[in-house]
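Feature annotations, courtesy of TrEMBL:
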COMPBIAS  347-370  compositional bias 'Basic and acidic residues'
DOMAIN    66-316  domain 'G-protein coupled receptors family 1 profile'
REGION    343-370  region 'Disordered'
TRANSMEM  54-75  transmembrane segment
TRANSMEM  87-108  transmembrane segment
TRANSMEM  128-146  transmembrane segment
TRANSMEM  167-190  transmembrane segment
TRANSMEM  210-237  transmembrane segment
TRANSMEM  258-280  transmembrane segment
TRANSMEM  300-319  transmembrane segment
Amino acid sequence: MSNKSESDAGPDPFLAARGSLFDFSQMAAVDWDDIHNGEQLIPRAYTSWNALNIVRLGLSIWIICSHIAIIVFILGKQILRTQPKNLLIVNVALVNMLLGVFVIPGKLHFILNPSHVPCNLAVAWDFIANYFQPSVALFAVLSLVFERFVYVYTEKRQRKIKPLAQILGTIVLLVVPWLISTLFLLPIYFGGLVAKARDPNMCLYKTDDHFFVATQLISFIPPSLGVFILAPFTGLLDCLRPKRCFYKPLTPKGESMTVTTVVTLFSIFAEAPFCIVRVLMMRLECNTPDCTRFSETLTVTWWVRIIKTAVFPFVWLFYTDIRDAMGCQMDFRMSDVDLDSDEEDGFELKQPEPQTLKHTESKESDESEIETRYAKVHFAPTPSTS
């Protein structure tokens, strides 16, 4: 009876398909610190709540809490959330949170429960952890660097830019990283899944490694190349900025160059080893002891990615407005720019220095009255209020 049903179903496409065998459930349950030596897997017995797994869980919790803190802080301050660059920082933080919310906890679950690995979850974890998250993270950084480039390049014309155009541009920069990574990577990745075994208890696929290599390269090369090219131009324009600033709130000269440089180094050089090692492991035959070294190197690259994500929230402290907002004091220069609202979120902006009163006095006061007021303010024991 069973033979008849099998014959009615026709030939098994899994047996007829060509490709490499890949068991997603088994590989998802493999620890990052296991050693691959050809077809032999040498486990290190990290299948319990030992110190290493506790460290991983602690880093996951830290990544979640630190990035939530920076997101809540920026969105909770009106003077910060109205700036496009700060909203793009929130976008980068959301992408980095994927490691703490899904990638690390998912891997711990697979390691500690190797017999309970759902097939769909294992495939989703492989796609998000190895391809999607790195791609969105790099594209989000590219959006931030592009915004800084536009800001420095159009600084003198910032007041002519309509609020609606600024809002629409920010929305596009927020959505594009997620959209590009999904539309380009998802079809290529699933194109590599040639056929699945009929056994419902197995997550065995025949795969085409060429699709996986293409997905890995597309997830890294285009966004990192864009960041690597655009960041130096942004820094160069930032160094050539005039001393007088036209954009409010002010961004000190050289700050955009500093932040884009640090973000570029963190983003590209922390993800590049992971991409290179994975491509080599997919393209080289693992019949030599060198495969053991590749596996150990891949473990190191995973730890580099995790540590980079854990440290990333501190990078945003290079921005003066965020750093000053944490000290509850916004340090704006009022001699070069006229701020329309001084009472946002309870921040008390610094009053003009005595020597700048002649620039802020009304037109009805003549020069002698300004000098008299300056003398009173400068020599009086307590400053008088006007």
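Our numbering is plain: 1 for the first residue shown, then up by one each step along the chain.
Every residue, even glycine, has its Cβ placed from backbone N, Cα and C.
Note that TrEMBL annotation is computational and uncurated.
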Inset, instruction - Return yes if the transmembrane segment (300-319) and the transmembrane segment (210-237) have at least 3 CB pairs under 8 Å (sequence gap of 6 or more), otherwise no. - result: no
Inset, instruction - Among 54-75, 128-146, 210-237, point out the range having the most Cβ pairs under 8 angstroms from the transmembrane segment (167-190). - result: 128-146
Legend entry - Across the domain 'G-protein coupled receptors family 1 profile' (66-316), average pLDDT on the 0 to 100 scale: 85
